[in-house]
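These notes concern the structure reproduced below.
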Amino acid sequence: MIETDKLAAERIIAATPVSPNEEAFERALRPRQLEEYVGQEKVRGQLEIFIEAAKRRSESLDHVLLFGPPGLGKTTLAHIIAREMGVNLRQTSGPVLERAGDLAALLTNLEANDVLFIDEIHRLSPVVEEILYPALEDYQIDIMIGEGPAARSVKLDLQPFTLVGATTRAGMLTNPLRDRFGIVARLEFYNAEQLARIVTRSASLLHAQIHPDGAFEIAKRARGTPRIANRLLRRVRDFAEVKADGNITAQVADAALKMLDVDAVGFDLMDRKLLEAILHKFDGGPVGVDNLAAAIGEERDTIEDVLEPYLIQQGFLQRTPRGRVATLLTYRHFGLAAPDSSSSTLPGLWDSAAT
């Protein structure tokens with residue numbers, strides 16, 4: 001699976017960062033305040049109230065859990081929370097915190113009301129998670145000093161702080177950890193209008209000339225994800241400078257994205273490979289995810305975390321108790337005739353009894 005994993009990481013429409021350079025690029029375009037943050041109106045409105053209330057009381061903000069598909073702005077929101085609160089932000093990730101001492105070192109160096117951001121928090125080890133519980137509730141941690149019979153537990157007081165946890169797999173969080181977050185927010189996919197605003201803002205920061213229709217052409221192929229929209233903008237900007245006069249119009253954007261093999265709904269080769277496997281190898285489904293993973297040479301987690309969310313959200317794929325099923329939209333997208341109602345396995349399209 002090494003080559004396949006590499007291909008997944010290099011997808012132009014991958015929702016995860018593909019290189020350190022892209023991470024630096026993202027930081028340069030990242031909004032710095034809530035008022036600059038586009039989309040997620042409900043979450044943004046809630047955070048505005050909670051942050052203002054905490055500041056008026058001179059308290060730390062309640063612990064915040066942000067979850068949703070990758071690339072929607074969880075890290076950006078963590079930075080904005082710290083900046084709006086006027087405090088420092090310390091950033092780490094679940095897999096990095098291998099030992100209890102790793103977390104203890106971070107916690108004991110936090111100043112009053114600081115923000116600790118843990119990405120991929122669902123990947124914390126049980127040992128580290130146990131240390132985190134009293135820190136979240138009582139701002140205290142227990143550490144062991146010494147070894148063997150002489151070892152003893154010492155309780156250390158911590159400064160009040162805010163934990164911001166981010167995850168793409170909220171269902172993998174343990175109940176005790178989830179219950180310790182006072183603020184829980186799900187980030188949703190963006191619509192094309194919101195993404196067009198993000199593309200326009202990013203183009204301005206990059207000093208690129210873009211027409212509204214060009215921004216919308218990029219936005220509608222960005223799979224509802226700001227990270228993808230900004231990545232496509234960079235590639236379209238390159239195309240516009242070399243193959244056009246530098247202006248990003250709808251025609252220029254369309255030509256650039258066709259060159260990149262990104263179709264009108266944001267599908268790339270891997271998306272089409274998955275959907276075509278369901279259509280042609282499994283007669284439209286249902287097919288179990290393990291069989292599907294074997295058929296296209298992908299990891300199960302990649303299908304569930306990277307490929308499926310957008311396809312399901314856009315109505316091209318359905319999860320059923322019996323497996324994955326192609327929808328009528330999928331047949332139409334590939335120019336195929338859908339099964340008739342007497343033989344169809346498509347749920348919910350003709351037969352209300354299907355599940």
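Cβ atoms here come from the backbone N, Cα and C positions, even for glycine.
DSSP gives Tyr190 (ATP binding site) a coil state; it is part of no helix or strand. Remark: Tyr190 (ATP binding site) has Val38, Gly39, Leu72, Ile198, Ala222, Gly224, Thr225, Pro226 as non-local neighbours, by Cβ distance under 8 Å and separation of at least 6 in sequence. Swiss-Prot lists Leu29, Arg30, Gly71, Lys74, Thr75, Thr76, Glu137, Asp138, Tyr139, Arg180, Tyr190, Arg227 with the feature ATP binding site, giving sequence analysis as the kind of evidence.
Look at Swiss-Prot and you will find Thr75 tagged as Mg(2+) binding site. Packing around Thr75 (ATP binding site) is summarised by its Cβ count: 22 other Cβ atoms lie within 10 angstroms of its Cβ, all protein chains included.
Reduced to three states, the DSSP call for Arg319 (DNA binding site) is strand. Sequence annotations record features per position, and here Swiss-Prot assigns DNA binding site to Arg300, Arg319, Arg324 based on sequence analysis.
The feature region 'Large ATPase domain (RuvB-L)' is assigned by Swiss-Prot to 4-190, with sequence analysis given as support.
Per Swiss-Prot, region 'Small ATPAse domain (RuvB-S)' is recorded for 191-261, and the stated evidence type is sequence analysis.
Residues or ranges marked as region 'Head domain (RuvB-H)' by Swiss-Prot: 264-355.
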Among Gly71, Thr75, Tyr139, which are recorded as binding-site residues, the nearest neighbour of Arg319 (DNA binding site) by Cα: Gly71
Shell list (DNA; ref centroid = CB of Arg300, Arg319, Arg324; cutoff 8 A): Gly288, Val289, Leu292, Ile303, Glu304, Glu308, Gly323
The region 'Head domain (RuvB-H)' (264-355) - residue tally per DSSP class, helix then strand then coil: 41 helix, 9 strand, 42 coil
Same-chain residues at least 6 apart in sequence whose Cβ lies under 8 Å from Tyr139 (ATP binding site): Asp157, Leu158, Gln159, Pro160, Phe161
